[in-house]
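Accompanying notes for the structure given below.
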Amino acid sequence: MLRRPSLLVALTILLVCVPTGEENVTAAVHITPADLASLALVGLLGLDLLRGRPLHLSRPACLVFSGVVCAAAAATVTSIDPAASLTGFIRLVQIFVLVPAAVLTALRDRTDLRLVLGAFVLAALIEGGLGVEQYLTGTGASYTGEPIRAVGTFGALDIMAMSGVVSFGLLAALALALMERAGCWPRRWLLAAAAFLVLPLAVSFSRGSWIATAVAAGVLLLKADARLALRWAGLGLAAAIVLVGGLGAGGGGVAERLSSIASVSGGNEDHSVSDRYDLWATARSIWADHPATGAGPKSFPQLRDSHAPLRLSSGSDAADSTIGFEREPLLSPHNMYFLVLCEQGLVGIVAYGGLFLALLLGCLRRPGAAGPAAVGLLCWVLVDFLYADIGGTTTVLTSVILGVAAWWALPAEREQLA
């Protein structure tokens with residue numbers, strides 16, 4: 001692994017699938033096997049520094065990553081509770097700086113990229129296969145009172161995790177297929193894998209993941225070939241109609257969930273959506289009291305009740321055969337941009353916005369076969385951040401994706417011709 005550190009990146013991705021048991025969601029720190037692997041990857045980065053080896057980080061990469069560190073540090077120092085915010089600062093630096101920088105330096109050529117994308121596909125097939133089995137046998141998490149929601153190895157307390165892993169695998173399979181020669185068997189198998197992963201994604205009943213995957217797949221295909229994107233968009237629409245019709249015949253769950261996307265405003269939204277709007281309003285209210293550097297990392301739960309509308313629920317329902325029924329507290333605004341705004345203020349939103357914009361523009365502008373993979377995965381994360389934030393077992397995958405995007409968007413001199 002020292003000679004090809006991308007193997008450790010791939011291992012980090014696969015370790016996300018290791019069950020960690022049902023954890024206390026209110027705990028300040030959760031350490032998973034994937035987190036430990038990512039820290040080992042950062043350790044390799046530190047070892048290179050101690051040995052005096054160049055890290056091959058470009059100046060733009062150093063600038064945008066440094067901005068995030070400075071913003072998080074300023075928010076921690078000025079926090080309403082600096083001691084409590086310290087763990088949040090460490091987590092933010094891990095997720096948005098250290099692990100992405102380590103992934104960036106671990107990717108040295110397209111073989112490394114294929115290893116990482118292949119790990120995403122394998123993890124998605126593992127979780128997706130289990131998710132389909134949960135849906136068919138009624139052993140998943142509760143959805144409308146029925147135990148049919150696919151959650152993979154993550155359980156009802158990390159309800160969004162499987163859909164994220166499956167989405168990443170689907171996009172990685174598409175990107176790898178586009179790297180292969182048309183008509184060859186590897187390309188056919190990869191396209192078959194992507195087609196299969198649509199099924200577990202559907203029975204995850206995650207509207208956010210559906211939207212993010214549709215947008216990301218569209219950007220990925222447009223980046224690769226605009227005519228190909230139009231052709232595959234037609235095929236994808238036809239497949240979606242068949243899939244929704246087939247699953248809808250068994251109870252209408254997917255069809256009803258899909259139709260609910262169109263009714264998220266005007267007072268017609270369901271309870272989970274109205275709670276999300278109230279959480280966003282809460283975050284805006286917190287930011288109004290702490291506009292410059294925010295209230296500090298990990299401060300949202302402390303300030304939520306004093307700023308939340310009266311109708312906000314005390315928590316969301318979670319149930320499966322392992323935990324029974326639990327009420328899960330709402331500990332974040334379920335929007336990464338609002339989370340940064342209320343906890344790190346304008347300084348934070350400028351720093352994170354600069355990072356995301358630099359990565360997105362760099363991935364879109366730079367030509368090459370690896371571009372579709374980088375921009376597709378990055379777009380999924382950026383869209384998902386509109387209705388989700390960091391947290392849970394799969395958070396480290398966000399770091400890996402940011403690292404892949406940084407490798408392509410902000411290359412060091414030695415990678416300009418990669």
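Counting begins at 1 with the first residue displayed.
Cβ from N, Cα, C; glycine included.
In TrEMBL this protein carries:
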{"type": "TRANSMEM", "residues": "62-80", "note": "transmembrane segment"}
{"type": "TRANSMEM", "residues": "86-107", "note": "transmembrane segment"}
{"type": "TRANSMEM", "residues": "114-132", "note": "transmembrane segment"}
{"type": "TRANSMEM", "residues": "152-177", "note": "transmembrane segment"}
{"type": "TRANSMEM", "residues": "189-212", "note": "transmembrane segment"}
{"type": "DOMAIN", "residues": "193-352", "note": "domain 'O-antigen ligase-related'"}
{"type": "TRANSMEM", "residues": "232-255", "note": "transmembrane segment"}
{"type": "TRANSMEM", "residues": "337-362", "note": "transmembrane segment"}
{"type": "TRANSMEM", "residues": "394-410", "note": "transmembrane segment"}
Same-chain residue ranges lying at least 6 outside the transmembrane segment (337-362) that approach it to Cβ under 8 Å: 60, 64-65, 67-68, 70-72, 74-75, 88, 96, 279-280, 282-284, 286-287, 290-300, 303, 375, 378-379, 382, 385-386, 389-390, 402, 405-406, 408-410
Contact check, the transmembrane segment (189-212) vs the transmembrane segment (86-107), 3+ Cβ pairs under 8 Å, seq sep 6+: no
Per-region confidence, the domain 'O-antigen ligase-related' (193-352) (mean pLDDT, whole number): 81
